[in-house]
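The following features are taken from TrEMBL:
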- A:T98, A:T168, A:D197, A:H200, A:Y222, A:W252, A:T278: pyridoxal 5'-phosphate binding site (BINDING)
- A:K223: N6-(pyridoxal phosphate)lysine (MOD_RES)
2 protein chains.
Amino acid sequence: MTYTKAFFEQLDKQDPLASFQAKFALNAGEIYLDGNSLGARPKAALARAQQVVEQEWGQDLIRSWNKHQWFELPYRIGNKIASLIGAQDGEVVCTDATGLNLYKAVSTALQLNPSRKVVLMEGSNFPTNNYMVQGLLSQLGDDYQVRFVEEAQLLEQIDEQVAVVCLTQVHYKTGRVLDMQAITEYAQQKGCLVVWDLCHSAGALPVDLNGANADLAVGCTYKYLNGGPGSPAFIFVAKRHHNRAQQPLSGWWGHSAPFDFKRDYQPGFGISQMLSGTQAILSLTVAEVGIDLMCAADMQALRKKSQALTRYFIELLDQECGQYGFELVSPRDDEKRGSQVALSHAQGYPIMQALIDAGVIGDFRAPDILRFGFAPLYNSYVDIWEAVQRFKSIMDNEHWREAQFNQRHAVT
Amino acid sequence: MTYTKAFFEQLDKQDPLASFQAKFALNAGEIYLDGNSLGARPKAALARAQQVVEQEWGQDLIRSWNKHQWFELPYRIGNKIASLIGAQDGEVVCTDATGLNLYKAVSTALQLNPSRKVVLMEGSNFPTNNYMVQGLLSQLGDDYQVRFVEEAQLLEQIDEQVAVVCLTQVHYKTGRVLDMQAITEYAQQKGCLVVWDLCHSAGALPVDLNGANADLAVGCTYKYLNGGPGSPAFIFVAKRHHNRAQQPLSGWWGHSAPFDFKRDYQPGFGISQMLSGTQAILSLTVAEVGIDLMCAADMQALRKKSQALTRYFIELLDQECGQYGFELVSPRDDEKRGSQVALSHAQGYPIMQALIDAGVIGDFRAPDILRFGFAPLYNSYVDIWEAVQRFKSIMDNEHWREAQFNQRHAVT
């Protein structure tokens, strides 16, 4: 078939998630396809920020720790995130940054598997995960090591040497989805624990950590959960592992009796031990607004729309720009693709710059990848049509030749 | 002499810092003496939060990493903090939480002194520091240990076994100031490195890290720097130690080429390596407002006012409530007292509750300590008079007997 604008307009009319778009502050005329890097702003985030600054900080001051339950925020928001990723109440806290939580998670997993010393990761992973694990292992001694593999060798490299398999479910560059259930089961049969990074999964597709019998997981809230720039991350520990190991970033919020001000550390029960110190309350409170919005969405409908948005974008690009030599880096199979489309092109950098100048906001990843993230809560089907028309115009007219080389790389 | 209200009114008229009070949002009729726990809100913080949420996040979205220099914030704000604590440009970054920065700092210091295995700390320290060091040492192996001492034995316990002396300059409970210069010099003569915690120093009194030849330091921004609840902390590394050790929380913001997305970690140069991952931008941007205000103040005038506020509070309490059995826990010597006054009393808990009910906001620390923090930027001299009159009324009328026992402990 040949796609037309009317086709996409019709899809928008039938979209069960269409009402969410009005909850977001979007720039008129701009098509924002970078929610896989920084999610758009929920309109309600502004009033929430004002309330926290004016009332909770300004007026209630120190009393807010009780009155506005600031101490409870990591648990309350954690439980909301838990509902999005197949976890139970009390298995997730919202706290700190993703890399720090990964440090806690891998350290915990290594303690739970003390006879083995290898952490297996994808070398092409978003590198901060590699870096944090390298930092952790440098503390533990020379007998610990990272084994880097790529997807094709993944299963064969999961063997009896491996203590912990640490994988990102949806690849930050290609958008490829790993089979969480199958890999977890296989790795556990080999005697490994599995730590999942859900940065590009949470709010992008249904995740079922307990259904997959996952051990630990981490993820961020500023991409598909629309929590705001650098908003606090989350960490999941399956209940069966609670109280069996102690993570090393052992601050007072993770103590069993934080207000007793005891001299020595005594880990708190359950997920509380994954907390470290005082949290960035303003960022944390505002993050809850985006998470609440996601909790109101049906995750199956969201996945269906995400697959349709990315599929139609790929197919319309084939139709309109097929002659320009783009290669699809993301899987064409809907089941294996997260909520983004990655293309490669030798002129990827200036083409992305021209797209941004034309109000189609994606991002570029070296050496040659153009990434387009689709957020089903605020991207419409007509966005696809409009984005590809602008894309076609840039290619037809070679506008990318004039594009200014003023873009620094944006965040993952 | 006998103190009168007129005396304090006269001091306010002569106060060179008086104009700062109007920059803060304070509750009418309330005397806030808990800035040593959570600093009051600068009025300008509200507009800044609105701007970041609406424009930087909402409109400029991913472009803000460049357009609003989000990546530069830890350095820009770090340099401002550096100017308050006797450090140079490029020696401080504003990032993460205090405990996490302490973990980085002590780990770095241990690497710089590899033949020794002991970290010396005050057992009565704010305990999260102890906990974080215990967590760190648990990673490093059984030959590492913490040696807890108290102030009276401090110097004699700094010996050739000690790798790192890790001390909080101003004690969180008593407000006692340690002699940074003398202790640093003594410890370095014994072959130790010194890590200073400035949580109750930064913005409370002049600090001269380089004048004292300090090695590393950490501190928070939500107390006397008025950065907002849980606002990001800071870390200082003296230039002579740059590029000589690698901290283990090695995320991509500390990489030498973060946007090359290399597989393996390579530490960045200088202070940049103390960064870990993506920062909580909303909390970080708003923190800068309070730090800017502090940078506009003369630190010598601030110290002089701080000493006067705390001294007159102590002396007026002696005059008005001398018969009620309070004991001064803070040093009476101005030079040895930070910007807070701690008293002990067997009925400390209900008395503090009655004070809070009467609009005098201090806090309570078990088992029997009442803490009153004085922030020279927004506390006036008449605040002392008014606070003590309410204090006297509570004691004279035994109002504390009725005080509700509904206060949970507040944050340090």
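Every residue, even glycine, has its Cβ placed from backbone N, Cα and C.
Listed recorded positions A:T98, A:T168, A:D197, A:K223, A:W252, A:T278 compared with chain B at a CB cut-off under 8 A give A:T98, A:W252, A:T278 as the close ones. Counting every protein chain shown, 27 other Cβ atoms lie within 10 Å of the Cβ of A:W252 (pyridoxal 5'-phosphate binding site). The two recorded residues, A:T278 (pyridoxal 5'-phosphate binding site) and A:K223 (N6-(pyridoxal phosphate)lysine), show a Cα separation of 23 Å. All chains included, 30 other C-beta atoms sit within 10 angstroms of the C-beta of A:K223 (N6-(pyridoxal phosphate)lysine). Between the alpha carbons (Cα) of A:K223 (N6-(pyridoxal phosphate)lysine) and A:D197 (pyridoxal 5'-phosphate binding site) lies a span of roughly 13 Å. Its Cβ taken as reference, A:H200 (pyridoxal 5'-phosphate binding site) is surrounded by 29 other Cβ atoms within 10 Å in the chains shown.
The secondary structure of A:H200 (pyridoxal 5'-phosphate binding site), as reduced to three states from DSSP, is coil rather than helix or strand.
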